[in-house]
Amino acid sequence: MADPISCSAADLLPLLGGSAANATAAAAFLCTRFDEVSSRLDGAKFAIDNTYLLFSAYLVFAMQLGFAMLCAGSVRAKNTMNIMLTNVLDAAAGGLSYYLFGYAFAFGGPSNGFIGKHFFGLRDFPSPAGDYSFFLYQWAFAIAAAGITSGSIAERTQFVAYLIYSSFLTGFVYPVVSHWVWSGDGWAGAAKADGNFLFGSGAIDFAGSGVVHMVGGIAGLWGALIEGPRIGRFDHSGLSVALRGHSASLVVLGTFLLWFGWYGFNPGSFLAIAKSYDTRGAYYGQWSAVGRTAVTTTLAGSTAALTTLFGKRLLVGHWNVIDVCNGLLGGFAAITSGCSVVEPWAAIICGFVASWVLIGFNKLAEKVKYDDPLEAAQLHGGCGAWGLLFTGLFAKKAFVNEVYPGKPDRPYGLLMGGGGRLLGAQIIQILVIIGWVTVTMAPLFWVLHKLRLLRISSDDEMAGMDVTRHGGLAYIYHDQEDENTLPHFKMTRIEQGETPIGERRQQGA
C-alpha cells in the first residue's frame, strides 16, 4: 500500500485561478476530500490486514486437528481417547491461561526486555500495539507448543499432569520466550523497537523454529526423561522394541492437516499483507514475500520427506510412510525460522539436512533408551535448532532488509557474505531457550513425579488408559502385541476360489 495521501491548501493555491478567497476555499474543499479518501484507504488497509491475520489464525488453529490425528495414529489403540482428550485440553486450558496471563507476558508493552506487564485478561484492549485478531493468532501459536509436548509423554501420563503443564507452558514459559524474540521490547529480537540489537542483528526466528518448536520439544524432552520409557519399549537386554501406532491412516491425515495449517503458520507471521516495499515496482510488495514464504515452506518439507524416504530405505530396507511423515514435519519445523529471508533453493538445503538431523537424533534416542512416541523432542527440538542455525547461514541481505526494515547495514547469513554476527545471535537464542525451558519445565515435571501425579500405574498402562481412565474404548480393536479377551474384528485373506466364511455358514444352514 502506498504512503498516506497528503494535501495542503498552500500546494493547491497556485493551481487554482480566480480570487484568492475562492481559490483558498476550493483548495480547502479538495484537501478535505483527499483526507477522506486517504482515511478510507487506511481503513481498507486495516480491514485487509486483519482479515488476512484472522484467516491465518484459523489455519494455525486447524493444526490442532492435525496434531490430534497425528497423535491418535501414533499411539496404540488402547490410548486413543486419552491422547485425543489431551489435544482438546491443550486448546481449552491454553485459551484461558493465555487470555489471563500469557498474552500480557508476551506482548504487554511497554515493558522490560524479559517479560511483558500489560493487557492481563485483555484489559485496555485493543490498542495500537494489537487487535483481537493478533491475540487469536498468538494464542494458536501458544497451544501448538503445548501440543508438541503432549506427544512426547503420551501413553503413560496422568490426566491431571496434562492440565498442570499445559496451563503453565502456555501461560508463562512460552510467552516469556516469545516476548524475548517477537515483542518490540524483547532483548533478543530482530524487530526490537529501540534498535539496540543483539550483536547488531538480533535473532531472526520469523515464525518460531525456536520460540514454538524448540520450546515444545525441550519441554517434552524433560517430561519423557523424568517419566521414563513406556513399559515394553526396551527389552531386558536394553534393545529397542517398536511399539507401533495403530493407524498409519490417521498419521497421514494429521500430516496433511498440519501441512495445510503451516501456510498460516509461516506466511501468516507477516501479520499483514497490504504493504509495498517500493523496491521493484508496484507489482512487488509484502504479498510477494508472503508467496515466497509459502514456496520455501513447501520446498523444505518436500525435500525432507523425500530424503527421509530414501534415507530410511537405505538404512532399514523398506519404505515407511510414518518416517516420511515425520521427515516432512521436520523440514517444516526447520524452515519456520528463516522461511521469509531465504531463497527457495536454500530451503531445499534446509529440508535435506533436517531429515538427517531427525534420523540422527532418533538413533541417539534409541541408544540412550529415550522414549518419545511421536519423536516430538527429536523432530521439533532438534530440527528447530537446525532451523535457527540455517537462518544464520543462508539469510539473504535483500530479504532481511525487507522483512526487518530500518537498519540497512543489518548482518545477514554467513554463507551469503553477511558475516557471523547473525549466526552468533541464533546460537544465543538456541542456548537461552534450552536453559529457560530446562529451569522451568524440568522442576515442574520432577515435582509432579515426586507427588505421584505424573505417571500412571503399571497396571493402568498395560490395560490402556481408555479403559482405566476414560470409561471405555475409542473403538473395538485388536492390538497385535496384546492378546487379550476383548472382542475384536480380525481380517483374514481369502485365496482365489475359496468361499468366504459368511457364505459357508449360509450354505451349511
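Glycine residues also receive a Cβ, built from the backbone N, Cα and C atoms like all the rest.
The annotation domain 'Ammonium transporter AmtB-like' is assigned in TrEMBL to 52-475.
Per TrEMBL, the feature transmembrane segment maps to 52-75 (among others).
Nonlocal intrachain contacts for the transmembrane segment (96-115), taken as residues 6+ away from its ends with a CB within less than 8 angstroms of a stretch CB, comprise 121-122, 129-130, 134-135, 138-139, 142-143, 166-168, 170-172, 174-176, 178-180, 182-187. Look at TrEMBL and you will find 96-115 (among others) tagged as transmembrane segment.
Per TrEMBL, the feature transmembrane segment maps to 135-153 (among others).
What TrEMBL records for 160-182 (among others) is transmembrane segment.
Long-range contacts of the transmembrane segment (202-226) within the same chain: residues 141, 144-153, 157, 165, 169, 173-174, 177-178, 181-182, 188-192, 265-266, 268-269, 333-341, 370-372, 376-385, 387-388, 391-392, 395, 400, 403-404, 422, 425-426, 428-430, 433-434, 437-438, 441-442, 445-446, 449, 454, each at least 6 residues beyond the stretch ends and with a Cβ under 8 Å from a Cβ of the stretch. According to TrEMBL, the transmembrane segment annotation covers 202-226 (among others).
Taken from TrEMBL, the feature transmembrane segment applies to 247-265 (among others).
Packing against the transmembrane segment (345-365) from elsewhere in the chain are residues 295-297, 299-305, 307-308, 311-312, 315, 326-327, 330-331, 333-335, 338-339, 371-372, 375, 377-379, 382-383, 386-387, 390, 394, 396: each is 6 or more residues past its ends and has a CB under 8 Å from a CB in it. Among the features that TrEMBL reports, transmembrane segment is placed at 345-365 (among others).
Annotated transmembrane segment per TrEMBL: 377-395 (among others), in sequence order.
Outside the transmembrane segment (423-448) by six or more residues, the chain places 161, 164-165, 168-169, 172-173, 176-177, 180-181, 188, 190, 197-199, 201-205, 210-211, 214-215, 218-219, 222-223, 226-227, 337, 385, 388-389, 391-393, 413-414, 454 with a CB less than 8 A from a CB of the stretch. Look at TrEMBL and you will find 423-448 (among others) tagged as transmembrane segment.
Through the fold, the transmembrane segment (52-75) approaches residues 83-84, 86-88, 90-91, 133-134, 136-137, 140-141, 143-144, 147-148, 150-151, 154-155, 245-265, 267-269, 271-274, 322, 325, 373-374 of its own chain, all at least 6 residues removed from its boundaries and within a Cβ separation under 8 Å. Counting same-chain residues at least six beyond the ends of the transmembrane segment (247-265), those with a Cβ under 8 angstroms from any Cβ of the stretch are 55-63, 65-74, 77, 141, 144, 207-208, 294, 297, 301, 321-322, 325, 328-329, 332, 336.
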